[in-house]
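Student: One structure, as structure tokens, below. Some questions next.
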Protein chains: 2
Amino acid sequence: MRIIRTVSALREALGRARSGGAASVGFVPTMGALHEGHLSLMRAAREENDLVVVSIFVNPKQFEEAADLAAYPRQERHDAELAASAGVDLIFAPDADELYPAGFATTVSVSGTIAETLEGAARGTGHFDGVATVVAKLLIAVMPENAYFGRKDAQQLVVVRRMVADLGLPVRIVGCPTEREPDGLALSSRNVRLDGEARARAAAIPRALALAESLVADGERSADVVGRAVAETLAESGVEPEYIALVDPVGFETVENIDQPVLCAVAARVGGVRLIDNTTLSVGGTTARGAGE
Amino acid sequence: MRIIRTVSALREALGRARSGGAASVGFVPTMGALHEGHLSLMRAAREENDLVVVSIFVNPKQFEEAADLAAYPRQERHDAELAASAGVDLIFAPDADELYPAGFATTVSVSGTIAETLEGAARGTGHFDGVATVVAKLLIAVMPENAYFGRKDAQQLVVVRRMVADLGLPVRIVGCPTEREPDGLALSSRNVRLDGEARARAAAIPRALALAESLVADGERSADVVGRAVAETLAESGVEPEYIALVDPVGFETVENIDQPVLCAVAARVGGVRLIDNTTLSVGGTTARGAGE
């Protein structure tokens, strides 16, 4: 497995692989600090493609808080070993200057409810601009047939799908189920920053989402009732949410009645660490946290 | 020569051409109403590439004024004949719905002086967003080796170069000299809307730019003096400029002293028709209206 630092070297390697018969490239963009969630994306890519490329790039443009960017964990050597174990062929790990050289002035921006609510509102409007810009750049550099994203970042997945469709990038975007700890906590690179007490309290998030699922499974149709039950479950563990949202999973409009699949999304700071999670509440069907749609 | 309406049919045709041995694709994006200026771009593309693709699309996103969009000339059949005569292989002429279907929400935006001054200020900040977005989409659809733009739209060329470099689109952007009428008027699809009297007055624009060139050739180094001479030449013909700008041709910052190449750009409404033109003023070298750099 090779680690590549520049777009030109990446294109050269991909060109050689394609000439050598690689008919499909699968791409997994990451910010490193790899965990089982990322590895499940890489294994999905490995199954479906001749060549698997993973990018590791802590994208400064999608962090509105300098402290959050600085605290984001970095462990490239360990990440490379994990990626190799998942069958990855190429790691693309550019410096910030490679992707954003001096004079860089272009932004890819998705407007509307899907980009401006929830994470867009909580992290600042620049967050999804940063995501859309770097994902567009990475997709243009790799030109994969398939690209894999986790459903834990449900809103990011919707924004990326919109951007890819709108620009006409010839890639299939694949949403993959959220990987979880035994107590349900969604895997996240940020989890390593939770101390023991915060780690225990964080389990209230998947517990609250599971309660939402069971309420809907039992016939509850009021988004307000479900939202309040989620809030109470979080409150019992002293977890204060940034938002609890029940929205339609396509347009992210707030819903009142759960008569179509509804995305229930939560963001909360626990012990100073920002966590997000979601589940799709399906009426009359099975539901799975972060595995819907 | 084929006229193609959809991105998927275009990709199919390009895929077949590439499989059949076309190693390089040259692309000329236009808004139709083709004239000798466009044809010179097509001939340049024809010389350098195995396959030449021209797009004809009056891009609603780059018009801030509905009346200007409505008045823009449309003559597809005639355009197709002209393109065929210049050796074009494929015309891509999509409907607006093909490029901007319902729900379209993505903007490619270049920020800073190069996009916000002159045409960006005169036509509204949405103008270059519209240009950058449609050119990004067209380049992603065609994926040409070379794309050809006229230097008459000097600022558009700089904005496109910036966007292409920033997104890492693997295409060489070629700037081509401005084609002119015998009296110097830059060819433009808008010229057909000039009545006889306005047409005569419009020649003041290239005359003013030629005066700027000769002043600098004779040793004048003050941008203010040159700008005033341009203004006086326009005023003699009753042409009121929207702007007369002397800026550096890379960053579009206003200059005071002409000690490096300077772009002298003019916009004016003549008989209700908006015209632009420019020349690069070179110190101690040859100058050519719209042919510099």
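Note that Cβ sites are derived from N, Cα and C of the backbone, with glycine treated the same way.
Just so you know, TrEMBL annotations are computer predictions that nobody has curated.
For reference, TrEMBL lists these features for the protein:
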| type | residues | note |
| --- | --- | --- |
| BINDING | A:31-38, A:150-153, A:187-190 | ATP binding site |
| ACT_SITE | A:H38 | active site, proton donor |
| BINDING | A:Q62, A:Q156 | (R)-pantoate binding site |
| BINDING | A:Q62 | beta-alanine binding site |
Student: Is it possible to get the count of other C-beta atoms within 10 angstroms of the C-beta of A:S189 (ATP binding site)?
Tutor: 19
Student: Rounded to the nearest Å, what's the C-alpha distance separating A:G37 (ATP binding site) and A:Q156 ((R)-pantoate binding site)? Just drop the number here, would you?
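Tutor: Roughly 15 Å, rounded to the nearest whole number.
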Student: Using A:L187 (ATP binding site) as the reference point, find which of the recorded positions A:H38, A:Q62, A:Q156 has the shortest Cα-to-Cα distance to it.
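Tutor: Nearest candidate: A:H38.
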Student: Looking only at C-alpha atoms, tell me how far A:G150 (ATP binding site) is from A:H38 (active site, proton donor), rounded to the nearest Å.
Tutor: 8
Student: Measure from the CA atom of A:Q156 ((R)-pantoate binding site) to the CA atom of A:M31 (ATP binding site) and give the result in Å, rounded to a whole number.
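Tutor: On Cα coordinates alone, these residues lie 14 Å apart.
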Student: What kind of secondary structure is A:G150 (ATP binding site) part of, going by DSSP in three states?
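Tutor: Going by the DSSP assignment, A:G150 (ATP binding site) falls within a strand, counted as strand.
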Student: Determine, to the nearest whole angstrom, how far the Cα atom of A:A33 (ATP binding site) is from the Cα atom of A:Q156 ((R)-pantoate binding site).
Tutor: 18
Student: Nearest to A:S189 (ATP binding site) in three-dimensional space, by Cα, is which of the recorded positions A:H38, A:Q62, A:Q156?
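Tutor: In terms of Cα distance, A:S189 (ATP binding site) lies closest to A:H38.
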Student: For A:Q156 ((R)-pantoate binding site) and A:H38 (active site, proton donor), determine the Cα separation and express it in whole Å.
Tutor: 15
Student: Let me spell it out: for each of the recorded positions (A:H35, A:H38, A:K152), count the other Cβ atoms within 10 Å of that residue's Cβ, using every protein chain shown. Which one has the most?
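Tutor: Comparing the recorded positions A:H35, A:H38, A:K152, the most crowded Cβ belongs to A:H38.
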